[in-house]
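Remarks on the structure that follows.
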Amino acid sequence: MDTNTLPPKPSISPSIASSFPTVKPFSSQNSTTSNPELSHIEKESNASSIIISQQPLSPSNISSAAPLDETHIATKASASLRNNNVSPHIPSPSSFSSSSSSDLDKSMLDEKHPDSEDITAVSLSTPPFPESIDVARFSSEEKKILSRIRRKLDLRIITCLWITYFLSRSVTYSISLSLTMNKHQGHSLLQTVSGLNYHTLSVGTGLSYVSLIIFDLPSNLLMTRADPRLWLSRIQVTTGIIGACHAVLGTKGSSASGFIALRFFNGLAIAGMWPGFAFYTSRFYRDQHLGKRIGWYYTAAQISSVATSLLSAAFQKMDGLHGLYGYQWMFLIWGVVAFTQGLFLPRWLPCIKHNQHNEKWISWIRIPKFLGFLKASENTGLTPEEEEVHAIYMAEMQVGKSWTLTDLADAFLDVRLWPPIFMFFGVVGISNGLVNYSSLIISEINENFSSVTVSLLVAPIWVFDAIAILTVLPLHDRFHKKMLFFVGSCLFVLAGLLITTFVSNVWGRYVGLLILGFGLGPTVPIIMTWVSSAMGPSHGDVGVAAGLAIVSGLGNLGSVVATSALYSGWKADTTFRRSNETMCGMVGIAIVASIVMHMVQKFNIRRFPFKRIYACLSERRKKELSVT
C-alpha cells in the first residue's frame, strides 16, 4: 500500500475557508450525547444534510466508502460550498484510500484553528473531516436538474461527436471498400496502383496502426494541457486532408510506396481521436451515465460502415467521370466534408468548466474577424444553477486537476490500467480486421458475388453491431456489471467466428458474420467506461487521459496483428480459416483479462510489488510538494 500518494494542498482564500465547518477530532470518550453539535448534525437527515460517523478514521474505512453516484454524491464540504454559491471540487475517498493513517492525520492537522489546537481548517485538496464520511443525497429537484443538464449536454456533445466520428470512419473505411470497387472493369485500387498487392496492403494498414500506437498517448496528454476542443478539431481537419490526398492513388505517378506513406500519415492524423472522445466525454458524465453515451457516438462507426458501403455503389456509378475512378471520387468527397466539419468543432462543443488553476497551453487560436463564426465557444450552455449542480455531480472525477511527471508515472503503475489493454487487444484486433477485410472475407465466402453485392452485404454486419450497442449498453449502465456484459459480448464474438469458419453453407457463414458484428458492438464502450471510472477518481485528468490512450494505443497492437499477420498478410491462408482461428484465441485473451480486471477491483489491488520504484516516486513527490 502506497503511503505517499496525497495530492498537494493548495492555498485557500479566507472567504472560502470560512465556508468549511470546523470539527474536533473524536476521541474514545466522545459520544453523540456529549457532543451537542454532532447530535444536531445527525438529526438533519434531509436531502442536503450529512452524517458524520463517530468511527475513527482509518484507510480501510475510507477505501470502503461507497462510490459517489447520483444518489450518493456530496460531502459536507460540498453542501457548505453549495450554500455559499461556490463551485466545489471535492476529493474522492478513493483518492486518498491508499495513504496511511499517520500521513492522513499529519496532512489534515497541519493547519490549526486560531482558537483551538484540536480543530482543523480544511483544505480543498485534502479530506474535509478527520472522520469517516457518509454522503448526502440529491434532492428530487436536483435530480430533475441533473436530467435536464444531461439532455442539454447530449444535444451538443453526443451529436457533435457522432457526426465527427461518422465522417472520420467514413474516410478510413473507404480504403477497405476501394479494394473491390469496379473490380470487373479493372478499376479497383488493387488493379490501378502500380506494385500494390495484398502484402503491401498489409504493410500499409499495419503502419497506420503503428503510428496510431506511437502518437495516441502524447496526443491524449495534450488534451489536458490544451483546450480539448481545439485538439479534436485539429485531428478531424488533418484526417480530412489526408483522406482527400488518397485520391492521388490511381494517377500515373502513384505507387505502392505512396499508399504506404498515406496510410502512415492517416494513422498519425487520427491518433488520439477515439481516446480523446472518451476523455472529453468523461469530463461531463459520471460512470453510471457514461457507458451508453460512449455507445451512442460509437454507433457512428457502424452507421458509417453501412452508409459508405451503400454509397460506394453510387460512387462506382461515377467511375470515369472527369477522368477519375470511382474510389477517387469517394476519397475526395469524404475528405472535403470531414475537413469542413472539423473547422466547426470548437464552436460546437461546450467548454470544460472546473475550479482548478490549471492553465492551458493552448486555449484559443487567433483568427481573422471574417472567420469569427469559427471561434471556440466560451460557455457550456448551462445556467449558473445547473453548472453548480453539475460541479457537485462531477466532483469525484477531479476535473482539471493539474499533474506532473510523477503523477503520470503513478498512473502508469496502477494495476487497473493493464488488464484493459489485453481486453482492447482482443476485441479491437477483431473489429479492425473485420473493418479492413470484410469485403474480402465475403468475396471468399462466394467468389460469384459482384462488387456491388459485396458492398451491400457488408452493411448488415454493422447494423447488427449498432443494434447491440443500443440495446446492451443501457442495461450495462443500469446494472453496473461490467465483466458480465463484456464476457457475454465476447461469447457472441466467439460464436460468430466459429460459425463463419467451420460452417460449409454460404449463407450460414454469412450469418456467423452477423453474430460476430452483434458481439463486437458493446465491447469497446464498456472498456473505455471501465478505464475512466477506475482511473478518474484516483488520478484525475492525467489518469483518464493516459489510461485511455495507453489502452487504446497498446491495445491496437491487436489491429497490427489482424491487419499485418492475418488475412491478406498470411499468404498461405488463402481461405482465411487460420486467421479466424487466431482471432478466437484473441477473444479468449480478452475474456481472461476482463476476469482479472474484475478481481483486481474486487480486492482493491492498485499497486505492483515494486517497492523501490514507489519509494523513488514518493521522494520525488515530496520534493515537488516542498517546491510548491
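Just so it is clear, glycine is given a Cβ too, placed from its N, Cα and C backbone atoms.
What Swiss-Prot says about this protein:
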type: REGION; residues: 1-65; note: region 'Disordered'
type: COMPBIAS; residues: 12-21; note: compositional bias 'Low complexity'
type: COMPBIAS; residues: 25-37; note: compositional bias 'Polar residues'
type: COMPBIAS; residues: 48-64; note: compositional bias 'Low complexity'
type: REGION; residues: 80-125; note: region 'Disordered'
type: COMPBIAS; residues: 87-102; note: compositional bias 'Low complexity'
type: COMPBIAS; residues: 103-116; note: compositional bias 'Basic and acidic residues'
type: TRANSMEM; residues: 157-177; note: transmembrane segment
type: TRANSMEM; residues: 203-223; note: transmembrane segment
type: TRANSMEM; residues: 230-250; note: transmembrane segment
type: TRANSMEM; residues: 259-279; note: transmembrane segment
type: TRANSMEM; residues: 294-314; note: transmembrane segment
type: TRANSMEM; residues: 324-344; note: transmembrane segment
type: TRANSMEM; residues: 417-437; note: transmembrane segment
type: TRANSMEM; residues: 454-474; note: transmembrane segment
type: TRANSMEM; residues: 483-503; note: transmembrane segment
type: TRANSMEM; residues: 511-531; note: transmembrane segment
type: TRANSMEM; residues: 542-562; note: transmembrane segment
type: TRANSMEM; residues: 583-603; note: transmembrane segment
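Only sequence-distant pairs (6 or more apart) were considered; of these, at least three Cβ pairs between the transmembrane segment (542-562) and the transmembrane segment (417-437) are under 8 A, so the stretches are in contact. Across 203-223, 230-250, 294-314, 417-437, the stretch most heavily in contact with the transmembrane segment (157-177), judged by Cβ pairs under 8 Å, is 294-314.
Contact between the transmembrane segment (203-223) and the transmembrane segment (259-279) is supported: at least 3 Cβ pairs lie under 8 Å, counting only residues 6 or more apart in sequence. Proximity of distant same-chain residues to the transmembrane segment (454-474), defined by a Cβ-Cβ separation under 8 Å and at least 6 residues beyond the stretch ends, is recorded for 177, 180-181, 291-292, 294-296, 298-299, 301-306, 309-310, 312-313, 316, 434, 438-439, 442-443, 485, 489, 492, 510, 513-522, 525-526.
Counted over residue pairs separated by six or more positions, the transmembrane segment (583-603) shares at least 3 Cβ pairs under 8 angstroms with the transmembrane segment (417-437), which defines the two as touching. Counting Cβ pairs under 8 Å to the transmembrane segment (511-531), the stretch among 230-250, 324-344, 417-437, 483-503 with the most such contacts is 483-503. Sequence-remote contacts of a segment are chain residues at least 6 beyond its ends whose Cβ falls under 8 Å from one of its Cβ atoms, and for the transmembrane segment (417-437) they are 172-173, 175-176, 205, 209, 305, 411, 461, 486, 490, 493, 497, 513, 516-517, 520, 523-524, 527, 530-531, 534-535, 547, 550-552, 554-559, 561-563, 566-568, 576, 579, 583, 586-594, 596-597, 600.
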